[in-house]
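What TrEMBL annotates here:
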COMPBIAS  80-96  compositional bias 'Acidic residues'
REGION    68-102  region 'Disordered'
TRANSMEM  130-151  transmembrane segment
TRANSMEM  171-195  transmembrane segment
TRANSMEM  281-305  transmembrane segment
TRANSMEM  317-339  transmembrane segment
TRANSMEM  365-386  transmembrane segment
TRANSMEM  407-431  transmembrane segment
TRANSMEM  480-498  transmembrane segment
TRANSMEM  510-533  transmembrane segment
TRANSMEM  545-572  transmembrane segment
TRANSMEM  579-600  transmembrane segment
Amino acid sequence: PPSTPPDGLVRWNNSPSRPLQIVMDRNQREILHLRVPLQLRVVLTPHISVEQSMHRLTDMLSGRRVVDEDQREGLLSAEEREENEDDRWDGDDSTESDVATGIRRGRTETMSQFVNRQYQNIVHFFVEDWFLSAALGIITAILSIGVDVAIEYLLHLRLHMYEVLTDVSVYSGFCYWVLHIGVCVTFAALFCSLVSKQAVGSGIPEVKVIISGFVLKNYLSLKTLIAKVIGLVFTLGGGLPVGKEGPFVHMGAIVASLLTKATTACRYNQFFSNEGREMEMLSSGCAVGIACTFSAPAGGVLYGIESTSKYFAVKNYWRSFFATTCSALVFRFAMAAIVPPHIGGTITAYYQTNFPNEVFLVEEIPLFVLLGVMCGLAGALFILVHRKIATFMKTNRLFQAVFGKSPVAFTALIACLVAVVTFPGGLGMYLAGKLTFRETLADFVANCTFSLPYENGTGLGCKPSLLSHWTGGVNGEIGGIHPLLTLTCYLIVYFFLVAQCISLHVPAGIFVPSFVMGACGGRIMGEALAMWFPEGIRGAGNPQIYPGLYAVVGAAAYTGAVTHSLSIAVIVCETTGQLCALLPVLIALMIANAICSFLQPSIYESIILLKNLPFLTDLPPSRISVHTLKVEKVMVKELYFISRHTTYKELRDLVIATPHLRSYPFVTDKESMCLLGSVSRRYLVYLLYNKLGHDPALHTDKRRSRTASELLSTIHSFRRQSSHATGLGQIATPSYLTDRNISGNTLLAHSPLHDAGGHHRALAPLLSRQTEPHLELPPQTVMERATLLASAVIIDDAAIDPAPFQLVNGTSLFKVHTLFSLLGLNHAYVTERGRLVGVVSLKELRETFSNIYLRGALPIQRPSMARPALSENGSAA
């Protein structure tokens, strides 16, 4: 038999990959816990004598077959016996006693117990999968309908009052037009500033960061949802040229988060205690938000995945589709039964087109390619302009001195400027100032031509009521301004207005404005071609030029370039109701996306960089430096580490000197530096507390924020802490250790490599000790304390993570980026033949890729002084 260490942990190296472990009591007379291969589970049970277990283990390891009593009685099925005979490890952590208990329960279970158990299974089945997804779709759709109806009433009020006051006086109409936009937008900014500042902006960049595994405070709270709804209603109801898809995505994510928190009563179930489930619900919430904006269930799911997730779990696919389907059903029911008819026709997102099946010719494909190139360049320019505006607002001293502490005032000023520019009686005549984005987009995709007269009988000319919008006409009469001039002015003015407005202190999306601007650019190209080829490219009797088709292609290409998304093609097909434009849409969309991806990050990643949020940006295509630059050029080489030779004094000084570090590498010694694992800071503080007593210097926590793994994995520990609260005047113990934070996990919360763990793990004895009442240490003399501080630390083997994520010295940054993104890594140790040589974390990678679009990946220029290796959010590797 193997030797027994003092801690009572006995190991057999029966398998080279995973050891056989038995935990005994202190007297080594009884088995307390087993961690054995599957074929031994039917042989050994806890709480049997050590002598009996040794005989059974000796027989099994020597090759002799031992048959369990339950097997001897034929209680196990043929499949279970075959699995037990298979030489592999079981994936769960249940012991043989659980298996035996389950077998006996099945043998003695009554009919009422069977019915009750199946009832619980059915309830959990519906609650876990169907009910939450349906509730997510229904609640988000109801919010969407309410927001849309409120927005339309405010827009109708603006137009009606403007027309009434204009009949009295042009000046009174102008004053009301400016006052309406200014008051509504100012109220929205003020409400968001007072209730929840997290409601400002799109919301997609923040949700993208949260799904990556980091927690942003109050971004998924009920206050943020209320501020988002009210702020969005008054922002869009006032007439500010921004979209609603970003705020709707944020609203869907908040609803998903609140529904997840509503299942707190079911936290005993491992399904609800898994934080990966919350990330799946957030992804579904994002998809529902897009589906509510465009009434596109399939496109909403795809766009939600593309805009918020780098890697998506396919098993969550059907949940997102089910949630968006429920949302679409509620939308249709509301349109037919609840929403007033005069409003119902305006809040639907359908832009039905009636193009013929032969809507384009082969000769037009190069024109679609050219349109894709132009949209790609325009999208990159838009992102650059927006970044320059945001950077100016953030860094300019004069601007900071005037508006730095009052973003609401600047928002009100820009709102008044927008009102002056879009005033229909002034410059708004050249911009179709009366029209909303929905009405403008409907004109752009119309199957008619602005340059052809309506009376020619061909059916290709537009109606006078539509032409009056783009010729400066009044009361449906055609004006004297050429439509191409109006379209060009509209595109140029709104290009800069939108870039400025999405930087204001109000909820604002970018999808719908991008869609409209792209449609305008495509319409300009289509109208120009229709003027040059009035009878079509092939001449009379052949298919004509359809400017509406170019508007659809331009809208998809420009939006895909700005957002770096390809699912726009599906959304376009769902909103237009036709598939005939799919091929030109895909051609222009892919070309525009490729060009903009090469030149600039997406608008959401650009906002992430501007706000300095903890997120690892995507790599642009064709960057040679990410393949040639190795991890040894960016890793941190000056490391803090611990070993078996570290004394308690050195450990205490180390913990106090590095308050930002979250975990420490554990090596053999200073000379060889062979990496044995990693130990978390929380365990080391707990160890020093048990040895040295309470020390306020050890509880300095300077980390700026906490990762989702730290926050979501401590639910049960908080409950235990509250149930074992210390009495009055008693010194509180450090925070409870869990199976996640005890070894300084390198993985973020959503990673599939996280092991949920349970009470049957090897960590169970160590974790259960925390619930025992802590006795105060007896007074120590100066000599006793000095002797203890000079002694070597004794670290529990269970507290050491034996397999922290490691990289070899010559790994390329492309592979490092892929691993960090795919696995959700926080940091990784760099080794050379087992020797620890450095560590790389999210902080180093973000600094390396900060100028990837301009100068490629560059090594970090560090000062000569040594510093600890910090990962993102102040969490150290």
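Glycine is no exception: its Cβ is also placed from the backbone N, Cα and C atoms.
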(Q) With a cut-off of 8 Å between Cβ atoms, can you find at least three pairs linking the transmembrane segment (281-305) to the transmembrane segment (545-572)? Only pairs 6 or more residues apart in sequence count. (A) yes
Checking 171-195, 365-386, 407-431, 545-572, 579-600 against the transmembrane segment (480-498) for Cβ pairs under 8 Å, the most are found for 407-431
Maximum Cβ pairs under 8 Å to the transmembrane segment (407-431) among 130-151, 171-195, 365-386, 510-533, 579-600 is reached by 171-195
Between the transmembrane segment (365-386) and the stretches 171-195, 510-533, 545-572, 579-600, the largest tally of CB pairs under 8 Å belongs to 579-600
Most Cβ pairs under 8 Å to the transmembrane segment (545-572), of 130-151, 510-533, 579-600, goes to 510-533
Tertiary contacts of the transmembrane segment (130-151), defined by C-beta under 8 angstroms and 6+ residue spacing from its ends, are 229, 232-233, 236-237, 244, 248, 251-252, 255-256, 259-260, 263, 281, 284-285, 288-289, 291-293, 319-320, 322-328, 330-331, 334, 338-339, 343, 347
